[in-house]
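Peer 1: First the structure, which I've put down as structure tokens, then a few questions once you've had a look.
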2 protein chains.
Amino acid sequence: MTRPSIDATHDIHLQSWVDSANRPDTDFPIQNLPLGIFRRAGSEEAFRPGAAIGDQVLDLLALRDAGQLTTEAAQALAGTGDGSLNALMARGGGASLALRRCLSEGLREGAAQQPQWSSALLPQAEAEMAVPARIGDYTDFYTSIHHATAVGRMFRPDNPLLPNYRWVPIGYHGRASSIGVSGQRFRRPLGQSKRPDEASPVLRPCERLDYELEMGIFVGRQNALGEPVPMGGAEAHLFGLCLFNDWSARDIQAWEYQPLGPFLSKSFASVVSPWIVTMEALAPFRCAFERAEGEPAPLPYLDSPDNRDAGALDIQLEVWLQTERMRSQGQPHQRLMQSNFRDSYWTVAQLLAHHTVNGCNLRPGDMFGSGTQSGPDTGQGGSLLELSDGGRQPLVLANGEQRGFLQDGDSVMLRGRGQREGFRSIGFGACEGRVLPAFLPA
Amino acid sequence: MTRPSIDATHDIHLQSWVDSANRPDTDFPIQNLPLGIFRRAGSEEAFRPGAAIGDQVLDLLALRDAGQLTTEAAQALAGTGDGSLNALMARGGGASLALRRCLSEGLREGAAQQPQWSSALLPQAEAEMAVPARIGDYTDFYTSIHHATAVGRMFRPDNPLLPNYRWVPIGYHGRASSIGVSGQRFRRPLGQSKRPDEASPVLRPCERLDYELEMGIFVGRQNALGEPVPMGGAEAHLFGLCLFNDWSARDIQAWEYQPLGPFLSKSFASVVSPWIVTMEALAPFRCAFERAEGEPAPLPYLDSPDNRDAGALDIQLEVWLQTERMRSQGQPHQRLMQSNFRDSYWTVAQLLAHHTVNGCNLRPGDMFGSGTQSGPDTGQGGSLLELSDGGRQPLVLANGEQRGFLQDGDSVMLRGRGQREGFRSIGFGACEGRVLPAFLPA
């Protein structure tokens, strides 16, 4: 089995000498230890790898340079001085596990390292984060059958799900250059769209701007071109997960997407949360991969006993919205929905095995989007398209404002959390982005 | 106007002291000077930038290090020691023009530099070439209305062209990791497909493997996220062109592509020619962008006087095939078809302006595929899908072999050439790749 196991680093009783990591509501207790790329905000310092602990960032290269890491953990970090986690990702699970164990021991309450390690902490509030990897290729999947059905119903009321959906983990290539990190501000895109009453299309600002609640899945160890990764080895090529909002221009998409798929409706901006929660940290939140009665079994190349037992991930996901007016009146974000990644129709191992079955090479730092994670119930749509029934039934917010689609000034925040009885709950931090007005050339 | 002009480097009377560059049939006379990345074959040397001249490669960093380049040309090459042309591409047209002028003067018959420059030559037969850029994102367009119509007719006989085609330069994101350089050998991909008589799909080797005759278009200077490039400035963001074969698995594509577009049917391999012919070299082959009577005018953001005058490129394209049997009997490749890039429905400037209109940032080294370049006439299909009418009318080769789709051992070679009265004709070199048998796990 190539999936990371539960070990002493997951012990619910572990506490850290970093006090904020012991608060019940923190996303980053000592059982999490997610990795990111940071520098001191407002500085011209080089971006470098860090681990989140409570409300602090631990500077990993500073620790290494001070001789504070185990040999294995120091080796795991070699090459990460380039401002990305790619070199660590390339080494595979052994390296991230060594780093995790070293950090867990050094941050533990009573650790002898506390005096030296304290000086390598920076409050997260004073850190500027970067996209944690150089994403070579980004692939967006479509793993929620609830999302695919809801969206399909708008186009084909009698036949919402296409015949291939239950067999193929549907995915398409996405744009890597416009992926930013939480805190992203982006202009409402211009694009061609055609209203039903128009004879020909018009270039104008997007009128149906939306978010998509997704998970980002980072590839670790690469596979060579021409060499598929079988299910039994797929988990060994995964590094970790983050939150991912794949902003979408629905009107541009509707006009452009046939026959080759979405293009400019997606490539103007996307946003990841800055912290990658490693596959090691997620070990307690694995759960059985189960499908509803009557669904077909996956083809053999997408099936394995381990995947059936524990291929899925129990991660609760949420979308929060703050309008310009709410912000100006000091009101926080309002939660719009909740869903869970365990309801995905395909597991992360299946996505990787499928992606490589044709021989496609995945490189360290490549990212998959999970596709919009909508749940089975009403109100669990992972996009405004679903929650507002294509804009026909605008959401009414607590302050009386209405939203069919996003308005300028709207801030969308994704949240995610792993929870399981007997284990410390861990979170993903925030994935936030805000819409700015369109760029209108003079 | 941002488009490079015709200047003294295009003079038809120029001859080089490299004799092979003066042969009438060479792709690389002194008027061409395409750029690539090479090293001595069989060596462990670092890959480095070179220019093709006749049957030789000129080692540009060796010349620079020997103080043989003008200051401007030397500066243009700064940063290219990383084994890619990205740093040069990032500098924009001024840098490539300075380099071109310097090379043209130094390689000219009678140039005083001949003794020193001679020692920086390596026969192309002794060079190993690399993909010339780190391609961050690759976008595939669909610019041949003849290809789109022919393919559309197979699916929708009465309505071959979708309503958006004449308005939107249709494109989609592609996979960068599996792009290789001429000489590529790749395994026939495995994938899900479903024959008409099957109740459910089966994983098997592709049964309808095809090539696609395309041009590769490299981005030079970047644009910032959120800042569209207008038509008037689009040419200043283009670096040059190569040949591009986007291998396609038609049976996998037919089953997987709805609703989000082609994915594993494309991502197993693609191949570029090693030499990038710069926009400067292509100046003589510009021609008017004209559309047939009755076609709509492009929307204003895709239109400019300069584009109408000279937005198109007159580049003759060809596909050549050599089967395993032909190779074993010493027979060369056989030409299957010819078409011309000037028949593209959209110009390269329009592709760039459209790609950025939503604010998408293009980075140096990003590549566009033009889409399959089929011509208006019978026999001008840029893929076997078209030439064999979806496999129903296999091509009969000169030796009696038949091809509906590609067989294991088939080698496909693309060729391209710019020709114009009063100018020296220039070529793109070969873009060759060969199909190996599928990888079948034990």
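Each Cβ is built from the backbone N, Cα and C atoms, and glycine gets one as well.
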Peer 1: Which single residue out of B:D246, B:D251 does TrEMBL record at the Mg(2+) site shared with B:K266, B:S270?
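Peer 2: Of B:D246, B:D251, B:D246 joins B:K266, B:S270 in the Mg(2+) site that TrEMBL records.
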Peer 1: Region 'Disordered' per TrEMBL sits at which of B:175-198, B:367-390?
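Peer 2: Feature region 'Disordered' in TrEMBL: residues B:367-390.
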Peer 1: Please pick, from B:D140, B:D309, B:D314, the residue that TrEMBL records in the Ca(2+) site together with B:E212, B:E214, B:D246.
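Peer 2: Looking through B:D140, B:D309, B:D314, the residue TrEMBL assigns to the Ca(2+) site is B:D140.
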Peer 1: Given the binding-site residues B:R156, B:E214, B:D246, B:Q253, B:Y257, find the one whose Cα is closest in space to the Cα of B:S270 (Mg(2+) binding site).
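Peer 2: Minimum Cα distance from B:S270 (Mg(2+) binding site) across B:R156, B:E214, B:D246, B:Q253, B:Y257 lands on B:D246.
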Peer 1: I need to check the long-range neighbours of the region 'Disordered' (B:367-390): which residues 6 or more away from its ends have a CB within less than 8 Å of a CB in the stretch?
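Peer 2: Residues 133, 135, 137-144, 146-148, 150-151, 154, 170-171, 174, 176, 179, 208, 210-219, 244, 246, 248, 250, 270, 272, 317, 319, 336-341, 343-344, 348, 351-352, 355, 403-406.
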Peer 1: Over the residue list B:Y142, B:R156, B:Q253, B:Y257, B:T372, recorded for substrate, what is the maximum interresidue Cα distance in Å?
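Peer 2: Largest pairwise Cα separation, rounded: 19 Å.
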Peer 1: For B:D246 (Ca(2+) binding site), which of the listed recorded positions (B:Y142, B:H147, B:R156, B:K266, B:T372) have their CA atom within 10 A of its CA?
Peer 2: B:K266, B:T372
Peer 1: When you measure from the Cβ of B:K266 (Mg(2+) binding site), how many other Cβ atoms are you left with inside 10 Å?
Peer 2: 28
Peer 1: Give the mean pLDDT for the domain 'Fumarylacetoacetase-like C-terminal' (B:143-435) on the 0 to 100 scale.
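Peer 2: Average per-residue pLDDT within the domain 'Fumarylacetoacetase-like C-terminal' (B:143-435): 97.
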Peer 1: Could you check which of the recorded positions (B:D140, B:H147, B:E212, B:E214, B:K266) sits closest to B:Y257 (substrate binding site), going Cα to Cα?
Peer 2: B:K266
Peer 1: Among the recorded positions B:D140, B:H147, B:E212, B:E214, whose Cα is within 10 A of the Cα of B:Q253 (substrate binding site)?
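Peer 2: Taking B:D140, B:H147, B:E212, B:E214 one by one, none has a Cα falling within 10 Å of B:Q253 (substrate binding site).
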